[in-house]
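Peer 1: Have a look at the structure that comes next, please.
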Amino acid sequence: MDSSAVITQISKEEARGPLRGKGDQKSAVSQKPRSRGILHSLFCCVCRDDGEPLPAHSGAPLLVEENGAIPKHTPVQYLLPEAKAQDSDKICVVIDLDETLVHSSFKPVNNADFIIPVEIDGVVHQVYVLKRPHVDEFLQRMGELFECVLFTASLAKYADPVADLLDKWGAFRARLFRESCVFHRGNYVKDLSRLGRDLRRVLILDNSPASYVFHPDNAVPVASWFDNMSDTELHDLLPFFEQLSRVDDVYSVLRQPRPGS
């Protein structure tokens with residue numbers, strides 16, 4: 001495996017552009033993913049460069065092949081088991097990892113919160129991980145309010161040990177990695193209809209619009225985070241999530257016009 005295929009993340013430059021996904025893999029002249037070094041391989045959700053966003057859909061899981069075709073007679077197999085008793089009445093919140101909760105780098109960082117060894121093709125690389133400000137209080141409270149699911153387009157060999165260290169409270173009831181994404185038109189998309197939950201009671205928190213292009217009405221967008229230790233985004237979002245935790249249908253809130261939209 002090329003070491004550039006383990007972590008899915010976006011750069012600061014991509015974060016400033018319109019609808020840029022994590023680790024854009026699409027070339028104007030080729031459908032093949034282009035190599036972008038170690039980070040792209042470990043950390044990778046990509047964005048569409050062509051056309052309008054896909055419409056939201058609901059119902060049975062949409063299993064999309066790489067060529068965009070929907071296979072016929074595909075048996076329904078959901079990504080999540082049935083909710084535990086303590087979560088049966090809670091909304092399910094899908095939470096992204098890279099640039100949402102943490103930022104990771106292969107370059108040494110003096111103030112890294114975690115250093116994760118990742119083996120790629122027989123070589124161990126050190127991944128330096130910074131925690132986003134307020135992530136601890138955020139995860140603790142979210143775990144109390146919701147059925148939380150970590151869903152990342154990065155590979156488990158990197159993301160799983162990060163989650164072990166990050167989630168001190170067991171907020172994440174499940175963890176989903178790149179193999180659970182739908183690879184569609186050059187993008188890793190998180191298809192919420194495959195979770196096995198009522199979409200009226202599903203939220204996704206992600207810094208990449210490409211990740212939730214199938215279900216934009218379920219999204220709570222969050223700004224990409226890299227290293228600004230004065231960032232308050234997660235802290236500022238908690239009151240909104242407190243409100244959402246009490247509704248019967250998330251669309252009753254998320255489909256309303258939002259300030260600045």
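Don't overthink the numbers, they just go from 1 along the chain as shown.
Glycine too: its Cβ is placed from the backbone N, Cα and C atoms.
Summarising the annotation, Swiss-Prot assigns region 'Disordered' to 1-33. Under the heading N-acetylmethionine, Swiss-Prot lists Met1, citing similarity to another entry as support. Sequence annotations record features per position, and here Swiss-Prot assigns compositional bias 'Basic and acidic residues' to 11-25. Swiss-Prot lists Asp96, Asp98, Asn207 with the feature Mg(2+) binding site, giving similarity to another entry as the kind of evidence. Per Swiss-Prot, the feature active site, proton donor maps to Asp98; the stated evidence is similarity to another entry.
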Peer 1: With a 10 Å radius around each C-beta, find which of these binding-site residues (Asp96, Asp98) has the fewest other C-beta atoms nearby.
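Peer 2: Fewest other Cβ atoms within 10 Å, among the binding-site residues Asp96, Asp98, is found for Asp96.
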Peer 1: Which ones in the same chain are close to Asn207 (Mg(2+) binding site), with CB under 8 Å and 6+ residues apart in sequence?
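Peer 2: Listed in sequence order: Ile10, Ala15, Asp96, Glu99, Thr100, Pro221, Val222, Ala223, Ser224, Trp225.
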Peer 1: Translate the DSSP assignment of Asn207 (Mg(2+) binding site) into the three-state scheme.
Peer 2: coil
